[in-house]
Every structure is written in structure tokens, then in C-alpha cells.
Amino acid sequence: MAAMPCKKERTRLMNMDTWSRRIGIRTEDRRKLWLMAPVFLICGVAEALNYNGFMTLFNLRFGSEFLPYVYAAEAVILPLEAWFMSWLAGKLSKPSLMRAMYYIMTGVVAINAAALLVMRATGEDWRFYYPVLFLTSSFVVRQQTILLWSLAVDVCPTQQAKRLMPIFIAAATMGGVIAGLLTQVVNSWYGPDIVYAIGPVLLAAAVFNYRKAIARYLVPLTLRAAAGGPNAGSAEDGGSSALDYFRRTLRSPFLLGVLGMMTIMPSLYFLMEYVFLNTSHAAYPNEADFGRMFGVVTTVLFALAFLLQLVSGRLMAWLGASGMLTAIAGVYVVSFAAALFFLDSPAAVAAVSGGYMLTYLLLYYTAEPSYQLFYKTLPLAQRDGFRYVAQGISSCGGILLGAGLQLLHNGFGLGFAALAAVGAAGAAALLALSWFVRQLYMRELVKSIQVLGLAERELAESFREFARNSKTMGTVLAMLRSPTSGEEAKEIALDIIGRTKDVRYLPELLPLIDDANDRIKIAALKALNLAGADLHAMARVASLLEDPEPDVRTEAVRKLAGMKHMPSQAFFFLRMKLLDSHPGVVAEAVKAMYSLESAQSYEACFEVIEKILKEGGEPAVYVCRVVAELRLERFSPEVAKLLDDPSPSVRVAATACLGSLQATQVLSTLLERLRTADQELYRVTEQALSDMGSKAVAALKASLPNAAPKVWKASVAALSKLLPDDDVRGWLAEQGTLKLAENDEAMRLPAAFRQLGRTDLAELAELRVRDLRETVHGGIWAMLERLTDEQVVAAIRRAVDDQDEEIRGGGLEVLAEGVGERRLSQRLAATLQAEESVAIVLSDQEAEEAAHKAATSADDWWREMAAELNRSKTGGIAVLEEQGMLGRLNKVVFLKKVAFFADLSLEELGLIASVATEEKFSDGDLLLKRGEKNASLYVIVEGNVELTSVSAAGWEGTIGVVGPGEVCGANSALDESPSAVTAQAFFGDVRVLGLQRDEVTRLVRLYPEIGIGLLRASLARIRLLEEMIMRIDS
């Protein structure tokens, strides 16, 4: 019986995971979704109730004939509203602004609701108050929409926003549907003033989740801006004022046309709204009936909005931005024509309400994204400038023009049929303008490709526009054929043609695969659609299998693999490439053979895979990737053997492959290697542990309590991704808390070694403490990322690492409040604060106890330091061990004295020490010989080395003598040039640490700090040479 709840809980979690995967929600999205989706739902209900309430009250109690005047007043108020928002934003931080705006909006509707309830209780009717109600409530509706979407955009990273925004939109639209149903019921029983009064109650109900979302996600992000994060101060100033953008808009027919559409479309909506409200008022003069009708319209409106969201993406992909706006203009024409036709019939209300709903939906839910795409034809630095100017002009101009059209009835006596006719004419003009803008857009799009180029994502959004326009595709083909077209323009043209997947372009593309330019050749191959192509086309592509460029051969193999309608011929050509000289081509040929799905092709590619994996070396890197991609688990034993390959790149590729294959039998080996893994191998191993999935959880949990620091961090990072939320918040967070306590104990060791007279070990211990802090804290941050949000944690990390005391204090305060798991977050904050405290002072006994504990630590560095302390209690580290060879610790001591490596961490010094070999040169032996290449640089441990060279006049002289802690042979080893000097052991034997060129260059690639150290040393030598030249000249 006791097991039943656990089983039910597991079933619930599995169902939740299945549901989440179906709608594209990841585990890290759920907390944010559960917190913010109710805000959008409740505020969506409140917004629609407020809108229904004040529109009903204004139109029935004050008069819909006065709509033009309040809209004109609203157009005047809009600039003041913008100024107020700008002033408020300058005074408050972003979280404070978001809270203040929510309170202001809730307060405005609460005051309005109180006034309405007072009028209801006293029986009075303050007629002057209804325009105030309209303007203030309109402000709330407008700013509430901006506020909520701004919050969502701010707290969701780009990729997460793509997953969550549709759900937030669905929640808001469902809120509108619920509000419509509530309006029908409440308005019938109590009236529109009670409908309005429910709004502030709902806003107050949503404030808890709203504040929590700000505190949990937005407050930490403001630390990023203060700490100079990647987005801080990134707004790009194109150097142009709003007036400049306006003037340039007037000079561009395309931009002027877009501005015209952005202005005319909302004005026609306001006209349709006016006709709808007045027609409905005439049909439903009673408040209860009008409110119920408005509730029905709201319900249908938001239900249609919900359905529109389901198909809007497909419509946009099918029609393109310009086609979408042309279609919207066409719907506007039909809507006004239907209103004109049915206005004097019993179906008048249905016709105008249908037109009202369509114009509202298409304007606010569909047209705006299409307008944004138009501005992507402009240079990136100028887009926002043009867009903001256009939005400012169109919003104000649209309201004024709409109010002017409404005044045709109120001021000039035109009937509603005449207004519908004016609207139909305006919609027809909008349709003509949209068609004209569509042609200009095609021209601008082609121009932007020719002049600016387009990013991959933007090209994907725009290429359908080309595909449906024969004239524009003709321009693209002309750009491809023109001898004056640049290489980049031809590549973009080929990309556009390739995206159409149109076989009709095959004759046009085949000659280009023989182009002299390899980039054009590859782009032409990618653009080919060989579905159903004949043997002649296959032979043309197959001729490139012997091209000298490996990338061309690879793309040719990829294209032949797609010709499955001629499998035997494809097999004939592809089989030869299994023996290609380039491993990348061989790997692609293996994938191609596997895709042919025949016993013969399987046998051929398996044979090649087995052979290459057995031989190892660089070709095995490519084959490991193929094995992982094709999920060929049968080769797991062969890949596992490559973990011991002498080539680092092979070991990295094998590790990644085994992770993809979920080969848990090598998990213990992977964990053991982490102790001495370099940066690249460590990163790949950490990912491999995560890729192994739930199969690896038990082994990772078992290894965690006594794991070495680097093993602990990788295991925690993997478990943070693999465990359920409850386990991360419970068991794993407890492990993190224990590790922080253990790490706090290790902070005493530098003081302990110093107290025992070993300042050399104390310096190394300080380096180790820094390494441990970074390693352990990295695992803690991984847990917090899982329990909160990656963007939030990144902002807090930058804040607590900032040098500014106020910014750092803000980050620590956020941690102390509790991020993710409260106890773990607070323990981390306490640890970070303890690092700022006064230096630790220990007695001799306490120092001895700390050193004794270090000897039994899971960390091999502490054990080595404790062992060195026990070998010699007299001070000073022994240069040579009993065997006459240097240990790792001693090598690190000498490497740290070298300027090249002075700024490295202990882990990085340890990696260099692991590849450094100790060598001994007798008196007079040559380390370097002038004019000859050498493959090593030498760090002198003991003895002296004389550097000599020969001048242009032929005389030989001594340049200098270098001793312990100095380097010789660095320049010739790193740039593979002949040595400019001769280096010879001088006055006795010399001991050195030799570093091979390949190892050094690899370490420089993985650890930029090493490269910076080499650069600093080289610059120091250049300065020395300059000083010598100046002395000679003087």
C-alpha cells in the first residue's frame, strides 16, 4: 500500500513529461510557465472585462457619437503618455518600474471601479466622468499589454521565448474567451459597471505571481546590466536623429508606402469599430442587452484569435510578409463591402460585428509581425530607428485619421452606409497600396541581398517571397548568370534557388558545379535537387568525386547519397570514396552507404568503420562522429579502446561518441580520467555523462560523496540535467551543501602551511583554493540553473564576481534571499561572503591538524602537498626527489616561476607539468643549434645555459646566459623556424623541463592565458632589444 503513492507520482511525472514534449516545453521551462501563464490568463480576463465595461458604459451612457472626440483627445495624450513613461523609466530600475506600472494600472481601474460603484449606490450619473473613464481605461489596456509582453521578453532568453510565447499568447486569448463568457452572465444580472469592477479584483489576484516572477527572474537580470553584462549598453546608435529617419522615410517610396499602410490600416479599424458600436447601440439600446451582445462578440473574437494563432505561422510561411498584408487588405475590402451590403438588412449587426472582429484580429495579431519583416531589408544598425519613427507616426496618425473618418458621420452627417462605402474605398486604396509595396519590397529584398547580404534566419523568412514571384526569381537567376556578380551574391542566389527545391533549375545549376571557384562549386552542389535526376546528372556530380578539394568531394558524396532512385549506380560511385585520402570524405561516404539500406552497402561501410577504429589516429575522429550519428552500438567496444589513443583529439571524439551511444560500461573510466583532463576533454566528458541519460544516474550518484573536485563538478552537472526536480532540490542540493562545507574547511590550508613555515606550499595551496572554489561553485551554479533559469544564474554569477562592491553586494543579497533551492543558495552566499573576511590565523596545533586532514583528502593536490610537508619539515621544497627525478608538485613550482606561466591556475600548471619531460644536459652539450629547427622549448630547472649567435659580419659572440626559471627555444619551437641562437650547457650540468611544440600549441588553444603569457614574454624581449638598439645608436 505504501508504494502506491510513489507509483501514482511516477505516472503523473511521466504524463507531464509526455505532455511537455508534445508542446515543445523543456524541463527548465516548467517553473517559469507555471508562474507566468496564470498572470497572462488572469490579466487577459481583467483586460477584456475592463474593455467591455468601459466601452459599454461610454457608448450607452455618454454616446458613441462622441467617439471621434475622445480618440482625438487620445491622440493628443499619447505623446504626453510616452514622455511620462520615459521619465518614469529614467527614475526607476527595471523591476521597480514594472512593479510601479502594475500598481498604477491596478490603482487607476480600482479608482474607476469605486467611482462607478458610488454612482450605482447613490443613483447618480456623473456624465462628465465617462470620457475620463474611457481615456484612463484605454491607457490601462494599452500599457497592460505592453507591460506583460515586456516582462515575458525580458525574463525569457531568445530560444526559451520561442517555446513559451505561444503558450503565453494562448493563455491571454483564453482569458479573453473567459471574459466574454463572464460578461454575458454578469452584465445580464448586474450591469456593465460590475463587469468593470471585477477587473481590478483580478489584477490584485495576479499580483502575487507577478511580483514573484519579477523577484525570481527579472531582479537578477538587472544585476547583469549593472555588472556590464553582454547586453549592457548594447543599444546601437546609428548616429541619426528621429528627424533624419523621418526625412529618409519620405525620400524612400518603399518606406513611405509601408508607413502609409501602417497608418491607414488602424484608421480603417477605428472606422469599422465606430460603425459597429453605433449599429449595435441602435439594435441593443438596453445596457444589459448591449453588454450581453458585447460579451458574445468578445468570446467569439478571442476564440478566433486563439485559432488564428494556430495557423498564423503557416499562413506567414505560405504567403510571406508582403503577401500576408495584401491578403489582410483584401479581407478589409470584403468586410466593409459586407457591411455596406447588409447594413439595412436584419443581418446588419452580424455583418458589422464580423467585420469588426476580423479587422481587430488581423490588425493586432497578424499585420504587426509582417511590418517588422519589411524593415529587415535595411542595415541592422538603422532598422530600429526607422521602425520606431514609423510606429510613432502611424500610431498617432492612425488615431487622428480614424477620428476624422468618424467625424464624417458626426460632423458632416454622412450615414453609416456612406461610412461603410468610404471604408470600402479606403480598403480598396489600402489593397492597391499593399500591392505596390509588395513590388517595392521584392526590389528592396533583392537589393539588400546584393548589397548587404542576409543572415541565414532572415533569408529563410524571405525566400518564399522569391519563390512565388517569377519576376523576382528572374532577377535572382540574372544575378547568378551575371559575370559582374560577386562571389557572395552568387552564393546567396544559389542558396535561394536551393531552398525552392525546384527540379526545373537543374539544367541551370549543373554547369556551375564545374566553376573554378570552390565556394561557388559547393554552393551549386548544395542547391541541386537530384530527385528523379537521370544518369547524366549523376555522372556530372560523380565527376567531382576526384576533385582536389575535400569539401567539394564531401558535398558530391552527400548529393549522390540522395539519389536513392538509382541505388546500384550510387553504390558503384560511393564505394570508391570509402578509400578516399581525406578522412572527412570517407566518413561522409560511410554515412551515404549506410543510407542506401542494402545488405551490400551495410557490409561495406561496417568493414571500413571497423578497420579505421582498429587503426586509430586522426581518421578515427571522423568515424567516431559517424558511429555516434548513426547510433551504431555494435562498435562500442572498438570505440572504447580509443580512450587510450595517444592523440588527444581521438580521445575527445571517442568520449563524445560513447556518450551518444549511452555506453555506461565505460562510465567509471570517464570519471577517473576527469582528474587530469584538459579543458576540452573535460567539457566533452561532462556532456557525455549527460548524454548517457538515466542509465548513468545510479553510478553517478554512487560516485558523488567521495569524488575528487573535478569529478564531483562533472557528476553534479550531469545529475542536474538527469534527475527529477524533487531529487535535485532535495538529495543533490544536500550534496552541494556538504561540498561547500568541505570546501570551507580547505580554505584553512594556506594558513596552515604558512604557519608551519612552508610559504611555497602556502602559495600553491592558495592557487588550489581558487581552483576548488571555481570547480565546486561551478557545480552549485549548475544545480541553481536547473532549479531557476540559466539567464538568471548567469546574471547573478557576473554580479558576485564584479569588482564593484555595490554590484557584488546586490548579487549576494539575491542569493541570500534564495534562488532555486533556498538552503543551497544561502549557503553559497555565506561562502562567498566568508571569502571577503579577514585572513585566517591558526595556531601550530590547528595547522598540524589541518595538514593531517589534507593527507586523507579526496583531492590529490592536497595529498601531494601533505606528503611534501611530511618529507621535509625544515622549510624549502626539495628540488630533487630520491629517484633524482622531479615530481608533479616540484615541476609546478618551477613552472610557476616562468613568466609564460605565472598567471595560470594550479590545474593548468598541473596539465603542463604532466606533459613536461625532465631532461639532463652535460657541460658543453647543445640544447639548440643555430640554423636548425627544434621541436621543444626548455624551462631551466638547474644550471646555466649560454646563448650565442653569429653576426652579419661573421663574428660569433655571447648574447647572454639564462639560468633557473628562464626559458630558451620558445620562438623557434612555436613558429617552427630555424633557431637564431645556439644554446649550450655552461659551467656544469643542466636540468630542464622540455615541452613539445604540439603539446604547447594545443594547450595555448585550450587555455588562452598561456598564449597571453607567451605574448607578454615576447613583448618584454622586444622592449629589451629596442633598448639595446637605442644604446648602440647613442
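Quick reminder: no glycine exception, Cβ is built from N, Cα and C everywhere.
Given the structure is predicted, the values throughout are model-derived calculations rather than measurements.
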Residues flagged as transmembrane segment in TrEMBL, choosing from 31-49, 164-182: 164-182
Cβ contacts under 8 Å made by the transmembrane segment (292-311) with residues that lie 6+ beyond its boundaries: 48, 51-52, 55-56, 166, 169-170, 173-177, 179-185, 187-188, 280, 283-284, 349, 353, 356-357, 360-361, 365-366
Tertiary contacts of the transmembrane segment (254-272), as residues 6+ beyond its ends and Cβ separation under 8 Å: 71, 248, 325, 328-329, 332, 335-336, 339, 352, 355-356, 359-360, 363, 367, 371, 374-375, 377, 386, 390-391, 393-395, 397-399, 401-406, 419, 422-423, 426-427, 429-430, 433-434, 436-437, 440-441, 443-444
For the transmembrane segment (348-367), distant same-chain residues with Cβ under 8 A (at least six beyond the ends): 265-266, 268-269, 272-273, 275-276, 279-280, 283, 293, 297, 300-301, 304-305, 308-309, 312, 315, 324-325, 328, 331-332, 335-336, 338-339, 341-342
Intrachain residues whose Cβ lies under 8 Å of the transmembrane segment (414-437), provided they are six or more past its termini: 254, 257-258, 260-261, 264-265, 267-268, 271-272, 274-275, 278-279, 322, 325-326, 328-330, 332-333, 335-337, 339-340, 343-344, 374, 405, 408
